[in-house]
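Now, the feature entries from Swiss-Prot:
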REGION    32-216  region 'Zinc metallo-hydrolase'
BINDING   HIS79, GLU81, HIS147, ASP166  Fe cation 1 binding site
BINDING   ASP83, ASP166, HIS226  Fe cation 2 binding site
DOMAIN    257-397  domain 'Flavodoxin-like'
BINDING   263-267, 345-372  FMN binding site
Amino acid sequence: MPAIKIKDNIFSVGVLNPSLRIFDIIMKTEYGTSYNAYLIKGKKNVLIDTVHGRFFDEYLENIKSVIDPSSIDYVIMNHCEPDHSGSLARLYEVAPQIKVIASNAGKIYLKNITNKETLDVKAVKTNDTLDIGNGKVLKFAIAPFLHWPDSMFTILEEDKIAFTCDFLGCHFCEPRMFDTKITYMPKYEKSFKEYYDAIFSPFKPYVVKGLDILDALDLDFIATSHGPILTREGLLAASKQKYRDLSSEIQSTTKYIPIFYCSAYGNTEILANEIASGIKSVLNDANIEMLDIINYDYSDLKEKINICDAFMLGTPTINKDALFPIWELIGGIDAVNCKNKPASAFGSFGWSGEAIPFVISRLKELKLKVFQDGFTCLFVPSEDDIKKAFKFGEDFAKSI
């Protein structure tokens, strides 16, 4: 992708990666992505962010098509994740005169990301400014946990543009770089929501704070680090509202308690039903959802476990362990926002019964509010086991 002019003396110099299908191990990217970076020309020339290290050569050529790299004065690192900072060390080798600007956390991170002891990095704070001449003054706003502790926004009020790095971005490879030129809008909208879910949903209070910063500005453009640039005539307002809607806490007087389970021969399922009945006997108005997880899409289960008020996990023990679908679901728990959420586990076993102790241990490591040590029975639940399972559900409900 060649350099693209956004406004007079402001250019997109990032690169496309249309073949990317998995990002950061955790996220599918069906439509590829872009690593966006920006160049502002003034009396001082400024780069905003770099790109993934594998794409440095293309990135450098895009810069060269606008200015000589030796004339770059500053590189602003809004966020130091390697897909944005990965080319900084090599850029420094080509342009050793550069001065880097980052948040205080970013300054610390860059030392160990670049391993360049002589790299000049200055930390800024909210409302600090950088006058680059020609009537352009960059203003900084620290925006922690959007989505790293180092994140910040760079704002050019004179040109009504905010550079927000990952915030409001999307893994969507649009070569024409503007939201008004998106060809497959439903696919973009799907990717936009998936990006929020994977990257920003753990940080909803910080998302709201970031939106408040942007809402106080008169903006024609929001230039993100992935996906098309958001424009006033395009999706800028709608994208902000979508993030605000997704980050608003849903108030409900009805507790949502899903029971996730898998059951090889129906014995763990029997326990699941009795525990549910026990919970219902105490919390009559609770929404208790029974979920045999092999029949559901993982992304749906992940959303449920993270939005619920409390949950139970049921698994038999097979080959001295819990079953993979349960471990996969546990891997989807948002440890940031699920801290102290009531949870427990149950299951039938036939030989050694390690599954439930393992699951309980992991839930404790995630800092959930774990009820007792779970509940188990040997093979087929007896009448006494069924009564105890019901009581376990009752007691769990009382603990919520």
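Here the Cβ of each residue, glycine as well, is placed from N, Cα and C on the backbone.
The separation of ALA345 (FMN binding site) from HIS226 (Fe cation 2 binding site), Cα to Cα, is 39 Å.
Among the binding-site residues HIS79, GLU81, HIS147, ASP166, the residue whose Cα lies closest in space to that of GLU365 (FMN binding site) is HIS147. Taking the C-alpha atom of HIS79 (Fe cation 1 binding site) as reference, the shortest distance to any of the binding-site residues ALA345, ALA355, VAL370 belongs to VAL370. SER263 (FMN binding site) sits 37 Å from HIS147 (Fe cation 1 binding site), taking the CA atoms of both as reference points. For the pair ALA355 (FMN binding site) and HIS147 (Fe cation 1 binding site), the Cα-Cα distance reads 34 Å. For the recorded Fe cation 1 site, residues HIS79, GLU81, HIS147, ASP166 set the reference point as the centre of their Cβ atoms, and the other residues of that chain within 8 Å of it by Cβ are HIS84, LEU146, TRP148, SER151, CYS165, PHE167, ILE199, SER225. Calculated from their C-alpha atoms, the gap between HIS147 (Fe cation 1 binding site) and GLY350 (FMN binding site) amounts to 44 Å. Same-chain residues with CB within 8 A of the center of the ASP83, ASP166, HIS226 CB atoms, the Fe cation 2 site residues themselves not counted, are THR33, TYR35, ASN36, HIS79, GLU81, HIS84, CYS165, GLY169, HIS171, THR224, SER225. Within the set of binding-site residues (HIS79, HIS147, HIS226), the lowest number of other Cβ atoms found within 10 Å of a Cβ is recorded at HIS147.
You'll find the Cα of ILE360 (FMN binding site) roughly 33 Å from the Cα of GLU81 (Fe cation 1 binding site). Listed in sequence order, the residues of the same chain lying 6 or more apart from GLU81 (Fe cation 1 binding site) and placing their CB within less than 8 Å of its CB are TRP148, ASP166. The secondary structure of ILE360 (FMN binding site), as reduced to three states from DSSP, is helical. The average pLDDT computed over the domain 'Flavodoxin-like' (257-397) stands at 98. There are 23 other Cβ atoms within 10 Å of the Cβ belonging to ASP166 (Fe cation 1 binding site). Note: the domain 'Flavodoxin-like' (257-397) comprises 63 helix, 33 strand, 45 coil (DSSP; helix = H, G, I, strand = E, B).
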